[in-house]
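As written in TrEMBL, here are the features:
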type: SIGNAL; residues: 1-16; note: signal peptide
type: ACT_SITE; residues: 155; note: active site
type: ACT_SITE; residues: 197; note: active site, nucleophile
type: TRANSMEM; residues: 427-445; note: transmembrane segment
């Protein structure tokens with residue numbers, strides 16, 4: 001009887017644990033995403049918009065702290081406040097008046113800066129329509145399993161956001177860009193946050209699924225600044241972003257806080273404006289969406305039942321004599337042009353007389369057996385395996401001007417001799433003016449001198 005009772009208790013305990021494990025696993029995989037991305041944009045220039053740069057850098061610091069790497073963050077800053085000549089503390093940007101935390105830091109990777117922050121570049125980043133030459137650091141390489149955080153801050157109005165006081169993006173353009181992202185399967189879920197005046201007007205036209213939006217103010221309201229600093233004469237942050245970051249400081253990668261908690265971070269008593277949010281396009285219940293689903297990063301893990309011993313020393317592979325020969329042969333250099341004698345890491349110039357041209361060509365061909373030359377009386381036509389030879393045809397009578405620069409050059413470059421600019425000899429201009437005055441006095445006399453001065 002005791003054995004039966006113990007077995008029933010063990011079964012109940014095991015079933016309870018299995019239910020908890022299934023619930024945790026279901027909550028972990030509920031969002032369906034496998035990677036996280038962030039696009040953080042400051043659209044304002046000039047020193048008096050210091051707070052917008054601080055807003056963006058503070059969000060950048062928070063998402064990096066929660067696990068999103070720089071390779072998955074596209075940071076766009078329209079101005080460089082850290083190097084502004086009005087900054088009393090160069091290479092720093094602070095978000096609090098106590099000046100304790102430098103949000104610029106030592107490891108900030110700005111992908112788009114200055115005049116690169118335009119509406120066109122922003123839309124191209126979202127839709128993936130970038131030139132082939134664009135580096136990976138400037139691309140949003142997301143897929144249909146990506147959760148994306150998009151944060152915008154700057155000056156805006158009813159239905160638009162200004163970029164650098166020179167152009168605007170409308171809420172219709174932004175909505176169409178998100179729809180392109182959805183049609184091209186560039187995101188799984190998207191969180192849009194905007195801190196600007198009348199920010200709620202920017203998400204009114206959204207129509208793409210799996211999209212959640214937050215704004216710092218309603219239509220007709222201003223988004224106010226916060227943390228004035230009398231030393232530098234500007235505000236350090238905006239109110240909504242300040243309280244948002246204050247909330248994120250308590251979030252850790254294993255936190256269970258959800259999006260409903262994020263909606264309450266800045267009530268009207270603190271923000272003065274009325275923050276807004278839109279969740280009707282989001283397919284999940286916001287209460288089941290964790291903060292770390294957008295501000296954190298998914299860590300790939302592999303579950304195994306095997307025991308892995310990490311204490312065994314690493315055994316070094318011993319190379320047999322045959323392998324050693326192959327290794328040496330693999331990394332050995334082929335015979336090349338004697339660089340130490342000809343180049344010396346400097347530019348060397350040779351004037352080849354026409355009488356000795358064929359002899360020099362023969363010597364070079366012997367030294368560089370891998371290079372193919374096609375020589376004529378006037379110039380060398382092509383050099384395929386050298387990188388640093390530039391040949392200019394100066395004159396038929398003088399010969400060829402050959403210079404070796406560095407360690408090789410794909411082709412020979414032929415240019416006509418550059419014509420020297422003509423300059424008048426010393427005193428020529430003064431003599432010319434003297435001649436003009438003498439002719440004038442000879443013709444008209446002194447009484448017409450007043451017409452000159």
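Keep in mind that glycine also has a Cβ here, set from the backbone N, Cα and C atoms.
Just so you know, TrEMBL annotations never went through curation; they're auto-generated.
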* Where the residue listed as 'active site' and residue 197 (active site, nucleophile) are concerned, what is their Cα separation in Å, rounded? -> 6
* Asked: Sorted by position, what residues of the same chain at least six away from the residue listed as 'active site, nucleophile' have a C-beta under 8 A from it?
  -> 155, 156, 157, 217, 221, 222, 223
* Just counting, how many other CB atoms are there within 10 A of the CB of residue 155 (active site)? -> 18
